[in-house]
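Engineer: Attaching a single structure in structure tokens format; questions to follow.
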Amino acid sequence: NGTSVEEFILLGFPGTWQFRVSFVVIFALMYTLTVTGNASIIALVWKSSNLHTPMYFFLCNLSFLEIWYTTGVAPKAIGVMLGTSQTISFSVCILQLFFLLSLGSTECFLLSVMAYDRYLAICYPLRYSSLMNSVLSVRLALISWLGGFLAISLLAFLTSRLTFCGPDVINHFLCDIDSCLALSCSDTWPVELATFLISIIVVVASCVVTLVSYLYIISSILRIQSAHGRKKAFSTCSAHLSVITIWYGSTMFLYVKPSAQNSLDLNKIVNIFNTMITPLLNPFIYTLRNKEVKLALGRAFQK
């Protein structure tokens, strides 16, 4: 009982070999599509001069983030489910936790910045170029990245100070905060409090900014005289809001709570939405109905 645990065993999704292989195929396919799709969007924006605007600059940041976010989960999860890489050292576990939570926090900030950018573009179209210039867009992106990583630094430090005496089995396919708290044999109250407060600041605050921006956008759309214009704008907003709902809904379920009392089995399911499905859907939803992207794609294929 006096020895400290130096590595953990990740269970993944226990079941038959066929069941686990089916999960491996799904994860591998989603990971491949996510990396390919997001990298293609970055390359397209980079090559197309007409897409060098704040909106696509933020979208490139989001795509770059999604590549690393899913990379921090999928390869290790595949190894866990195949049974070839089920152990993870304590230091790597803390590093994965810090990496994923920091990128998740950055995504919250980026989504709110993108919503604010769309608010300025739709509600103040004549002043948009002066309100959202290249300098401001770079600053907002930089603040999102720095804010995301700085917000999680304290939480990762507090988690690294926890004591683990056994058991060493994590009922998950990744290292998350709930699993670490469930296995710790020391007082977890400071970590639980820090998780709750940081979640309120990062997740809830950014969600409020995003929703308020879209409320103003919707009210502006309602004033459009053309029924076709209103329908087109609403279809685009509904697609954005559906992805935002999945992201914020799953994130709030996982982190915005006073203590780590969620079922770890349920956490695994919600984490799939958070770490695999949203990174796959996000960039495609933001470009799906965009005429400028379709034209840029057409020119790229012609070349």
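Positions of Cβ are set from backbone N, Cα and C atoms, glycine also.
Quick paste from TrEMBL:
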- 37-286: domain 'G-protein coupled receptors family 1 profile' (DOMAIN)
- 21-46: transmembrane segment (TRANSMEM)
- 58-82: transmembrane segment (TRANSMEM)
- 88-116: transmembrane segment (TRANSMEM)
- 136-158: transmembrane segment (TRANSMEM)
- 193-217: transmembrane segment (TRANSMEM)
- 238-256: transmembrane segment (TRANSMEM)
- 268-288: transmembrane segment (TRANSMEM)
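Give me the structural setting of these features: burial, nearby parts and distances.
Structural biologist: Below 8 angstroms of C-beta separation, residues 5-10, 55, 58-59, 61-62, 65-66, 68-69, 72-73, 76, 140-141, 143-145, 147-149, 151-153, 155-156, 159-160, 164, 170, 174-177, 180, 198, 202-203, 206-207, 209-210, 213-214, 217, 240, 244, 247-248, 251, 274-275, 286 of the same chain, each at least six residues beyond the ends of the transmembrane segment (88-116), sit close to that stretch.
For the transmembrane segment (193-217), same-chain residues at least 6 beyond its ends with a Cβ under 8 Å from one of its own Cβ atoms are 105, 108-109, 111-112, 115-116, 118-119, 122-123, 147-148, 151-152, 154-155, 158, 177, 237, 240-241, 244, 248, 251-252, 255-260.
Away from its own ends, the transmembrane segment (238-256) comes close to residues 104, 107-108, 111, 115, 118, 176-178, 195-196, 199-200, 203-204, 207, 210, 214, 262, 267, 270-271, 273-274, 277-278, 281-282, 285-286, 288-289 of its chain (Cβ-Cβ under 8 Å, at least six residues beyond either end).
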Engineer: Any residues 6+ beyond the ends of the transmembrane segment (58-82) with a Cβ under 8 Å from its own?
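Structural biologist: Distant contacts of the transmembrane segment (58-82): 10-13, 20-21, 23-24, 27-28, 30-31, 34-35, 38-39, 41-42, 45-46, 88, 96, 99-100, 103-104, 106-107, 110-111, 113-114, 117, 137, 140-141, 144-145, 173-174, 275-276, 278-280, 282-283, 286-287.
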